[in-house]
Amino acid sequence: MSSGLEWRVTMPDGASVKLLPKLGIIRRAWTMMLALFLALKSKMTSFIKKAWKIGVDEPKKVIHCLKVGMGLSLVSLFYYTRPLYDGVGGNAMWAVMTVVVVFEYTVGGTLYKGFNRATATLLAGSLGVGVHWLASKSGNDGEPIILGISLFILASAATFSRFLPEVKSRFDYGVSIFILTFSLVLVSGYRVDKLFDLAQQRLSTIAIGISMCILISILVFPVWAGNDLHLLITRNMDKLAESVDGCISEYFNEGNARGEEEPTCKKSQSYKCVLNSKASEESLANLARWEPGHGRFGFRYPWKQYLKIGGAMRHCACCLEALSGCINSEIQAPDFIKKHLSEGCKKLSSNSTDVLKELSSIIKSMKRSPNIDSLLADMSASVDDLQNTLKSLTNQTLLSPPPPSPVLPGDSPENQSVAHKSTVDVPLMGVLPVVMVASLLIEIASRIEDVTDTVNDLAALADFKAVEDLLNDEPPVVDENENMKTLQEV
């Protein structure tokens, strides 16, 4: 037990500080090790929870990891099994390396890398063997010079081609493999006698690795880049519709009145996902073009049209970003001016949301909708009504119902009616915010029409079926009673 005595020192500022004994070296080291262990344990726990959440939310990623492990296990048999190892020689490791660098999450990504690697390896290997054969005819002194010059010219030209947009978008990986393979053949072939046999063995092992990747990627729980692009576009369109409705509801304080569970401010910011999805859309569209026909998507499906739809939606989302800035501005219009335009803005917002949701439904179902024309007509009518409401506003004055004036004894009815009418002068800065909101909403409706045009183009290119065609394709309904009567008559 402690004696209860303690030492204290008075500081210059008058405070009394308790003196503590210095810890020993061993005790300080133990304290530091314990703190380090607890910090490491906390980080590991956080990492495991995050990994578990990703696995639960997206099980396809877990399946992809298992597919990669399966591919590596199968190609490693060429190294572990003696008959297979004797067939491919010591180059079996190239099959393992091919699986590591070629296997991608989507089928399109695997086909893209597999095709580029196979084509680039075959082309670079053929050129390398040909250049090496020509250099060998020039003698021992001229051979390294020719090899060096050839390597410099072809590597420089191939590197420059990567700056071309057409090559970079579809064959960038193949150009990198071409430079790597061509350099290896020229440099290593200088000291190898049987260069052709070595190149043939490496090509065969690379072909084995590519074939294994493609088969597993297509046959075992395939993940199609085209389907992911299709879902991404429809989700972004739904979020765009939420943002249009959420922004107007937030501005006119209608979110709480409708009893929505999701906060209105969160819905109004959904457009940011549309603005940030350009890179994902371009990547998925590029990979989808490599995929064969699958599911509802046929061969040579117009994936480029999805990029146009995404661009039109981002054009609309830019207006939503400006609208959000006006809503969150420190300068706000008086309540009676908001009320003057609230009905027109809410009606146009509702109609615009309906159009976007109907467009999303068209893309999801891949069927033409008979309601889209009427919804567009309603949106256009709402635009005209809102424009007429804006014209009714004067430049700086508005008629506002002020609080009723007290009626004095002896006033005539005419004086009482005049007392209830007055005109309130409103500065231009008071009218400008709500006018900006209404103008941006009209611009958003105009850009939604552009989105509609791109969706109609997709429906024409992809041959979406109309409702009438679907009804005609259905088998006729057979009346069992009529059949029974016919049988009885027979």
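Backbone N, Cα and C atoms are what each Cβ position is placed from, and that goes for glycine too.
These come from TrEMBL:
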REGION    395-419  region 'Disordered'
TRANSMEM  20-40  transmembrane segment
TRANSMEM  61-80  transmembrane segment
TRANSMEM  92-112  transmembrane segment
TRANSMEM  119-139  transmembrane segment
TRANSMEM  145-164  transmembrane segment
TRANSMEM  171-191  transmembrane segment
TRANSMEM  203-225  transmembrane segment
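Within the chain, the transmembrane segment (92-112) has long-range Cβ neighbours (under 8 A, six or more residues past its boundaries) at 61, 64, 67-68, 71-72, 75-76, 78-79, 84-85, 170, 173, 202, 205-206, 208-210, 212-214, 216-218, 222-226, 228, 284, 286-291, 294.
Touching of the transmembrane segment (203-225) and the transmembrane segment (145-164) is ruled out by the presence of fewer than three CB pairs under 8 A, sequence neighbours closer than 6 excluded. Distant neighbours of the transmembrane segment (119-139): 145-147, 150, 154, 174-182, 184-186, 189-190, 195-196, 199, 202-203, 206; these residues of the same chain sit at least 6 beyond its ends, with a Cβ under 8 Å from one of its Cβ atoms.
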